[in-house]
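Here is what Swiss-Prot says about this protein:
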type	residues	note
BINDING	Arg173, Asp211, Ile212, Asp238, Ser239, Asn252	S-adenosyl-L-methionine binding site
Amino acid sequence: MTLAVKVPLKEGEIVRRRLIELGALDNTYKIKREGNFLLIPVKFPVKGFEVVEAELEQVSRRPNSYREIVNVPQELRRFLPTSFDIIGNIAIIEIPEELKGYAKEIGRAIVEVHKNVKAVYMKGSKIEGEYRTRELIHIAGENITETIHRENGIRLKLDVAKVYFSPRLATERMRVFKMAQEGEVVFDMFAGVGPFSILLAKKAELVFACDINPWAIKYLEENIKLNKVNNVVPILGDSREIEVKADRIIMNLPKYAHEFLEHAISCINDGGVIHYYGFGPEGDPYGWHLERIRELANKFGVKVEVLGKRVIRNYAPRQYNIAIDFRVSF
């Protein structure tokens, strides 16, 4: 039995709102109709209303996290990851060594809690090689690797086993989009399947989107059609071999972007902006990268104005993924 306010049907919605305002509505029980009256569950007696005891059906609460239902020994629960990536309908999780034996149980719990997730993979290696891919080990759900991911109002088709993609950069991509101006020419030097390129195409006159991974370019071409954009030019190859002039350059290859910086500066128009990404240590994550930028500015005889810099996320213990935006003037 629980407490409920008894009100005529026609007054039900008005009373419900009033109970919410008073903090009295008990959402753990369902409202029940009884003849021409409603029984609205409350946490405590409310002055001015008829309060009765009633048998009401409890609202079944779905767990908020897989951690609430996963079956692992109590002494190992502290090792359970608190976050993982969801790309389209595929979840990718890093499982610590202590829990590798419970990988399938963790996968099962993720599928049960996240109804949109159809497949779960465990990271089997770090991101490696020229194509920036990693080994993925299937632990639950369907054995699929191709999906369509939605972010920032665009759709991105991709294969998580064949291309690099991080949903954690969605906010960063929107930040760059908001900085972009109408009618620009953009050079996305490491475009992947197009999360920057296709988003920026909404403002740009033209986007040159380059990647060395043929699978990335294949999906980029599909995503151009999927999003009905006609101003993105996909280019397969090393971006250092692409001779273009651009008002805005995206350099999202944190581990190696510094090796492409000289070419980026040679491609930028007067007054153009370069969005540079790198990895840096705790304490001074920007120093080495800023020094490199200034060295090349001196070499080219151009002026550099740093517009902003920020830590995007932790990459490894005491290592950060950073971004530096700078304007180049001749």
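Cβ coordinates come from backbone N, Cα and C, glycine included.
Keep in mind it's a predicted model, so treat the numbers as computed, not measured.
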For Ile212 (S-adenosyl-L-methionine binding site), nearby residues of its own chain (Cβ under 8 Å, 6 or more apart in sequence): Glu130, Tyr131, Leu236, Gly237, Asp238, Ser239
Farthest-apart CA atoms of Arg173, Asp211, Ile212, Asp238, Ser239, Asn252, residues recorded for S-adenosyl-L-methionine, distance in Å: 22
Under 8 Å by Cβ from Asn252 (S-adenosyl-L-methionine binding site), same chain, sequence gap 6 or more: Leu169, Asp188, Met189, Phe190, Gly192, Phe196, His275, Tyr277
Arg173 (S-adenosyl-L-methionine binding site): secondary structure state under DSSP, collapsed to three categories: helix
Ser239 (S-adenosyl-L-methionine binding site) - helix vs strand vs coil (DSSP): helix
Which of Asp211, Asp238, the listed binding-site residues, has fewest other Cβ atoms within 10 Å: Asp238
DSSP-derived class (H/G/I helix, E/B strand, else coil) of Asp211 (S-adenosyl-L-methionine binding site): strand
Other C-beta atoms that fall within 10 angstroms of the C-beta of Arg173 (S-adenosyl-L-methionine binding site): 21
Three-class DSSP secondary structure - Asn252 (S-adenosyl-L-methionine binding site): coil
